[in-house]
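Below: one structure, written as structure tokens.
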Amino acid sequence: MCGIWALFGSDECMSVQCTCAMKIAHRGPDAFRFENVNGFTNCCFGFHRLAIVDQLYGMQPLRIKKFPYMWLCYNGEIYNHQTLRKQFEFDYQTKMDGEILLHLYDRFGVKKMASLLDGVFAFILLDTANRKVHVGRDTYGVRPLFKLLTDDGFLALCSEAKGLIDITHGMGTPASIVPFPPGHFEVFDLKPSGKVQSIQMEQFHCCRQQPSHAIYDTVEKLPIKFVSLGLDEELVKSNIRNLFENAVRKRLMAHRRIGCLLSGGLDSSLVAATLVKLAKEEKLPYPIQTFAIGSDDSPDVLAARKVANHIGSEHHEVTFTAEEGIEVVKEVIFHLESYDVTTIRASVGMYLVSKYIRQKTDSVVIFSGEGSDEVTQGYIYFHKAPTPKAAAEDSIRLMEELYMFDVLRADRTTAAHGYLELRVPFLDHRFTAYYLSLPDEMRVPRDGVEKHLLRESFKGLGLIPDEILWRRKEAFSDGMTSLKKSWYTYLQEHLESMVNDEDMEEAYKRFPHNPPRTKEAYYYRQEFEKHYPGRAQWLSHYWMPRWIDAIDPSARTLSIYKAEKDQ
């Protein structure tokens with residue numbers, strides 16, 4: 001979970017500008033470096049490092065003797081770097097997974113380079129020989145990246161927006177700061193002045209297509225066998241299991257200890273159980289640690305305890321009170337750079353459990369279950385989808401918006417404390433592309449249970465307890481507190497006195513973009529504006545359930561929700 005930062009064509013003193021990069025120092029506590037580009041005194045790279053792979057040669061910007069004219073700053077992990085190295089017989093100079101970008105770019109150019117990367121990444125690749133700057137981001141935006149570009153060609157890039165908001169420039173008008181679009185790369189011409197001009201922006205992969213790197217994967221192209229009534233369901237389930245296990249296995253790439261978040265829901269339980277199984281097969285020299293958070297009687301904590309006992313992990317339970325959660329809400333909003341209601345609610349627990357992992361354990365690489373609900377139609381509101389086609393289309397929408405919601409939450413809450421790097425196997429390209437290619441009717445909730453196909457795929461294996469395999473969806477922000485009184489209820493009661501009725505009446509005038517509809521939302525927006533005034537456009541819309549008239553995103557407010565005791 002490193003932090004990258006770069007400027008091209010700065011009008012202002014570099015030593016002053018570089019102070020802005022220190023705002024993302026939490027992303028890489030092991031080391032940091034600023035480096036001017038030879039021959040371009042107004043161009044600079046900044047890097048905050050969390051050492052996961054190649055602790056000796058892993059500093060950035062990465063440069064190697066074979067390509068002295070290339071400079072690379074990237075944040076992420078490339079899981080197939082060894083496979084590609086052997087396939088194309090590249091001569092490596094380091095053990096860094098990111099070195100593969102330089103070789104692929106030299107051999108194939110930026111588009112094919114990006115499409116062959118199996119992993120999560122945000123990169124800035126400077127080619128001084130051809131005067132080009134290349135920028136790219138992984139398909140789902142698991143790794144963050146923001147861009148500032150002025151009308152006269154000053155370009156600034158950073159892992160988090162907070163590293164750009166105080167950047168100064170010579171233009172009279174304020175420069176917009178925007179998230180770099182996931183699944184895209186952009187090419188800029190670099191002028192002698194250091195200023196740039198965008199000449200190409202292109203999508204290199206989308207979630208509906210098998211990725212180009214699939215032909216070099218350890219799991220070969222999957223057979224899809226037709227029977228008289230359609231697909232062979234047993235073969236489909238086998239493919240799902242194989243691809244999911246492959247997704248977990250490739251993410252074992254690390255020189256630091258691996259752990260796993262465990263909420264006790266289906267997704268995190270499958271990740272944790274598969275991780276423990278593969279860790280034993282790979283003979284990792286330590287037990288896998290799992291981490292659950294909640295109040296003493298929360299459904300999540302009780303369910304996670306059952307899973308941990310079943311899989312034999314070294315389990316940690318982090319308890320917190322509503323007061324402790326409320327206390328960190330302001331910090332959470334600062335780190336998230338978002339005012340989305342459900343994102344903030346869910347982030348509090350993840351922020352607190354990440355803090356515990358950082359302070360009390362030596363686990364650094366943290367697995368989690370993000371992405372499953374979007375891929376497999378896991379949200380409760382999918383029961384109300386009018387047609388399988390509508391459900392499939394909404395699943396795609398959710399995948400394309402992940403970078404604003406769940407993966408943003410997962411990235412910022414773990415990065416906030418340093419020394420943690422998140423890995424999300426449910427967002428593996430091969431897995432998501434295959435699952436989304438299946439017939440619409442196959443993926444919808446069945447027999448009153450969401451994610452039915454995923455559950456059926458792991459049925460009868462004993463990987464996790466049956467009661468967990470068939471446990472209904474419980475939102476993380478709901479399940480970590482008591483059934484008697486949910487986390488969102490605590491928040492709303494506390495914030496009721498923080499916002500008055502007059503404020504709510506003026507909300508549409510004060511906040512015309514995404515006006516808050518509740519006092520809780522108003523409070524979050526107020527706090528967001530203190531840190532990031534005028535930046536509300538970073539969030540295009542609030543996360544809300546579809547096909548249901550709702551003003552609150554909590555699953556517990558929906559008429560189709562059933563508490564565990566009622567199931």
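Using N, Cα and C of the backbone, Cβ positions are placed for all residues, glycine too.
A TrEMBL annotation is a machine prediction, not a hand-curated record.
The active site, for GATase activity annotation in TrEMBL covers Cys2. Taken from TrEMBL, the feature L-glutamine binding site covers Asp97. What TrEMBL records for Leu261, Ile293, Ser368, Gly369 is ATP binding site. The domain 'Glutamine amidotransferase type-2' annotation in TrEMBL covers 2-191. Summarising the annotation, TrEMBL assigns site 'Important for beta-aspartyl-AMP intermediate formation' to Glu370.
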Counting every protein chain present, what is the number of Cβ atoms, excluding its own, within 10 Å of the Cβ of the residue listed as 'L-glutamine binding site'? 24
Widest Cα span across the ATP binders Leu261, Ile293, Ser368, Gly369, in Å? 15
Round to a whole number and give the Cα-to-Cα distance in Å for the pair Ile293 (ATP binding site) and Asp97 (L-glutamine binding site). 33
Candidates Asp97, Leu261, Ser368, Gly369, Glu370 (recorded positions); nearest Cα to the residue listed as 'active site, for GATase activity' turns out to be Asp97
Over all shown protein chains, what is the count of other CB atoms within 10 A of the CB belonging to Ile293 (ATP binding site)? 27
Tell me the Cα distance separating Leu261 (ATP binding site) from Glu370 (site 'Important for beta-aspartyl-AMP intermediate formation'), rounded to the nearest angstrom. 10
Could you check which of the binding-site residues (Leu261, Ser368, Gly369) sits closest to Asp97 (L-glutamine binding site), going Cα to Cα? Ser368
